[in-house]
């Protein structure tokens, strides 16, 4: 009865999560319906500036000495936008609907030596700026470096002072905006000294037939180009071949061996009752002996189940089109909201399994479950947020946002975790073991080095990683770069393949472990399943040093800090998948033989 009662509650929680995320997805930069009359003001927000190669190292637009208005008007942002590092302010340019401008002066400004040094440093580091015009993203570079001199000391640094906006419209709606800088109007900022600069901008409006509904298509076309799709499909085919080979291996080798085992054991039972048992049947009295550190083991399974549910719900939202290009705020908000609402799954799974393992201190188990993933994530966030504050970067969360996240954790995550734990404790389900466990454990025979935990984890993690590594580059280039990832259907297929390969390889290694009469398979199956997360973190090292141009302490700490948390989440999630696959397999084979 309690399980049935839990189902509607879980369904309601999921429905609320989906509704919240769909509502969040509708939040845009303007409160209007995107319809304008000639000469109507259209909102233009300046977002941030920063080194092009360091996506996490961004600063407020007016941290550079541009034409600053007397009163800087900030736009109110939702939780996801703040988490993404967006800090939108009203830009100093006036781009009214269908009103052309030709070399209009923004301001005349006397740049001091310090201002010139700031701009020169920005040009050296290849700073770009980002703005939003009627919710359309636009980018441009601050300046350029003239490298005609071979020696770096002879380089010239120039600041762009004239910006051109080319805007396309259809009837009463803005469809597209492009920005480019005038290479003939430059300010030399190579030498320190006071300079007077006249900042200018021009606006040119043109009509187009592109409908409003398709104005975001151009931002997602890059990932849908034929040569990109070919690589994605190659990744899919590579992954499918891996699955087929692994499935074939299990079907032909493992199942044949198992069949022979079943026949042999049945023959042994008929011929002689006192015949010595060998292989995996020999350890039937120890196979369901509960693992060491059962509280930690149950907490790992609970946290892994929650992260698995979170991933599935994020995929559902992505496949229905919630995370359209440059609506990244929705993704971050969805992660926070759905993680909070799925905490009940973690509490229920962990406590229920802990009680099945005859654990007594379920409250401590619940606390451990709540802190297992959130604890390392919170410590990492504290360190990285401190780094961002020192750098005065937009990645530093305001105090108000931190309070909101703490309130979500206090008022939603913790209560649901406790409710799930209470439901799990009261579920009264017993552990289903086909064999009775003996009073004293058998001694495990000496094993060769390649059957130890670390080599087995390396074998287990390599195959799933090989099935996803091609797709990993595009994901990294999107999360830690300026590419756009929109082919969520292919990503979902790769995720399904990852789960299948993880389950299969864990089952195969578990069988070989049992055949060697090693009955401590509980933790081994979890560690082998989760080892793909370690391979992904290893890929982080390769990507950072070989495929990216990221540099600096802040960007490095953000990249490796948050990727450590993500890979740790993968470790828990895939470990849970591996263990449950192994558990199903072990129950099946021991149910198929007679054990006294």
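Note that Cβ sites are derived from N, Cα and C of the backbone, with glycine treated the same way.
If you look up TrEMBL, you'll see 1-30 marked as signal peptide.
Residues 463, 466-468, 470-471, 474, 487, 490, 493-494, 497-498, 500-501, 504-505, 507-508, 511 of the same chain sit 6 or more residues outside the transmembrane segment (231-254) yet have a Cβ under 8 Å from a Cβ within it. If you look up TrEMBL, you'll see 231-254 (among others) marked as transmembrane segment.
According to TrEMBL, the feature transmembrane segment maps to 296-324 (among others).
The feature transmembrane segment is assigned by TrEMBL to 330-354 (among others).
For the transmembrane segment (366-391), the list of distant contacts is 57, 295-296, 298-300, 302-303, 306-307, 343, 346-347, 350-351, 397, 409, 413-414, 417-418, 421, 553-554, 557-558, 561-562, 564-565, 568-569, 572: same-chain residues at least six beyond its ends, Cβ to Cβ under 8 Å. If you look up TrEMBL, you'll see 366-391 (among others) marked as transmembrane segment.
Per TrEMBL, transmembrane segment is recorded for 397-419 (among others).
For 457-476 (among others), the entry in TrEMBL reads transmembrane segment. Packing against the transmembrane segment (457-476) from elsewhere in the chain are residues 223, 231-232, 234-235, 238-239, 242-243, 246, 483, 485, 490-491, 494, 497-498, 501-502, 505-506, 509, 527-529, 531-536, 539-540, 543, 547-548, 574, 578: each is 6 or more residues past its ends and has a CB under 8 Å from a CB in it.
Positions annotated as transmembrane segment by TrEMBL: 488-514 (among others). Residues 232-233, 235-236, 239-240, 242-243, 246-247, 249-250, 254, 257-258, 279-280, 283, 287, 311, 315, 318-319, 323, 451, 456, 459-460, 463-464, 467-468, 471, 475, 521, 524-525, 528-529, 532, 574, 577-579, 581-582, 585-586, 589 of the same chain lie 6 or more positions beyond the ends of the transmembrane segment (488-514) yet place their CB under 8 Å from a CB of it.
What TrEMBL lists as transmembrane segment is 526-546 (among others).
Per TrEMBL, the feature transmembrane segment maps to 558-586 (among others). Beyond the ends of the transmembrane segment (558-586), by six or more residues, the same chain brings 56-57, 287, 300-301, 303-305, 307-308, 311, 372-373, 376-377, 380, 383-384, 387-388, 395, 460, 464, 480, 498-499, 502-504, 506-507, 510-511, 514, 521-522, 525-534, 536-537, 540, 544, 550 to within a C-beta distance below 8 angstroms of the stretch.
Long-range contacts of the transmembrane segment (397-419) within its own chain (CB-CB distance under 8 A, at least 6 residues past either end) are made by residues 13, 79, 82-83, 336-337, 339-341, 343-344, 346-347, 366, 369-370, 374, 385, 388.
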